[in-house]
Amino acid sequence: MLDSPHNLYIKKFMLCYIIYYFLICHLYNHIFNLREIMLCSCGNEAFYYQKYSNRHLCKECFKKDIERRAKKVLGKDIIRNNVKIGIGISGGKDSLVMAYILKELFKHIPNAKLICFFVDEGIKGFRNIAEKYVKEFCKEYNLDLKIIKFEDEIGYTLDEIVKNDYLSKLNIGKPCSFCGVVRRYLLNKHALKEGCDYLAIGHNLDDFCQTILMNYVEGNIKNIIQFGKEFEGGGFVKRIKPLKLIPEEEVKLYAEINNIKYQREPCPYSSLSYRHRMKKVIEILEEEKPGVKFSILRGYEKLLKYLNVKEEIRRCEICGFPCSGNICKVCSWLIKLKEIK
């Protein structure tokens, strides 16, 4: 017997109602589950998903997590009374975030002193802009600032070194090779002069991984060993790296949520081609296996325990600073520059 038009209408209505009901239930469950996933463990709304830990973090818990890791790197021996820490500050995100975190970690430590060192290499249109960011930051957070100029210290700006083709005459391939050595020399010199117990450098986890893998690929065993060494005493101020366990992405995010203004433009002399390619390789590995950056660092630190190579440290005959030969690299360059000029 055929259904009447009335019965067919009722059946169609019931079918539509059932479909509608299931769709609403599915949508409700999806929204509810999504909401549940996007909550931080503290109950607040999450704003960041940390893939390698499989955690959703709210802004406050994210901030605490970053500072906890920096504190873990430093340890109780460094976070203590009557300590003086020099901070190498450039105006970029890493150094300013590092300075901000150190300010937070030491704000309740009696007689702890922080002093920032800003090295002005003399790069027009770049370093003068960075200096403005640094001065504003140090003023806002009441940090002592000492500005160190290449021109005052070695008699030349980096612009002059490059413009006059002194690099090729010194048998130096890139401006970064010259600049990096001189910067480290000057930071150590002034940290020592100011009586600092430690010198903080803003290398993040990505920087570590890139340098480690670049040295592996190039087979540069000497650099692999020296990169992990922490020289101290006898003319060296021990270097500390509070951002060692913090990925670059999270350094940027920390700067954003704390409204830290920093210089975003890269140095015009920076040569990022090889490092940039290595960065891409690490990003691919991290995407496929979250946490691989930490694995690279841990593996390297384990390897260092087996590379117990002792290098004889001498004193430079000119400046008195520690070096491996009779004259340190900076003094040997300055001698050659005088001969060239």
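Heads up, the Cβ atoms here are built off N, Cα and C, so glycines get one too.
As the structure is a computational prediction, the values presented were derived from the model and not from experiment.
For Cys61 (Zn(2+) 1 binding site), the same-chain residues that are 6 or more apart in sequence and have a Cβ closer than 8 Å to its Cβ are Cys40, Ser41, Cys42, Asn44. Sequence annotations record features per position, and here Swiss-Prot assigns Zn(2+) 1 binding site to Cys40, Cys42, Cys58, Cys61 based on similarity to another entry.
Following the DSSP three-state reduction, the secondary structure of Gly202 (ATP binding site) is coil. Around Gly202 (ATP binding site), the same-chain residues at least 6 positions away in sequence with a Cβ under 8 Å from its Cβ are Gly88, Ile89, Ser90, Gly92, Asp94, Ser95, Val97, Met98, Lys241, Pro242, Leu243. Marked as ATP binding site by Swiss-Prot: Gly88, Arg183, Gly202.
Residues or ranges marked as [4Fe-4S] cluster binding site in Swiss-Prot: Cys176, Cys179, Cys267. Annotation for Cys267 ([4Fe-4S] cluster binding site): same-chain Cβ neighbours under 8 Å, separated by at least 6 residues, are Ile123, Phe126. Under the DSSP three-state reduction, Cys267 ([4Fe-4S] cluster binding site) is assigned to coil, being neither helix nor strand.
The DSSP secondary structure for Cys319 (Zn(2+) 2 binding site) is coil. Marked as Zn(2+) 2 binding site by Swiss-Prot on the basis of similarity to another entry: Cys316, Cys319, Cys328, Cys331.
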Beyond Cys40, Cys42, Cys58, Cys61, what residues of that chain have CB atoms within 8 A of the centre of the Zn(2+) 1 site's CB atoms?
Leu39, Ser41, Gly43, Asn44, Ala46, His56, Leu57, Lys59, Glu60, Phe62
Sorted by position, what residues of the same chain at least six away from Cys328 (Zn(2+) 2 binding site) have a C-beta under 8 A from it?
Tyr185, Cys316, Ile318, Cys319, Phe321, Pro322
Quick check: of the binding-site residues listed here (Cys58, Arg183, Cys331), which one has the Cα closest to that of Cys176 ([4Fe-4S] cluster binding site)?
Arg183
Non-site residues, in chain order, whose CB comes within 8 A of the mean position of the CB atoms of Gly88, Arg183, Gly202 at ATP:
Ile89, Ser90, Ser95, Phe117, Val119, Leu187, Ile201
Return only the integer: C-alpha distance in Å from Cys179 ([4Fe-4S] cluster binding site) to Cys331 (Zn(2+) 2 binding site).
14
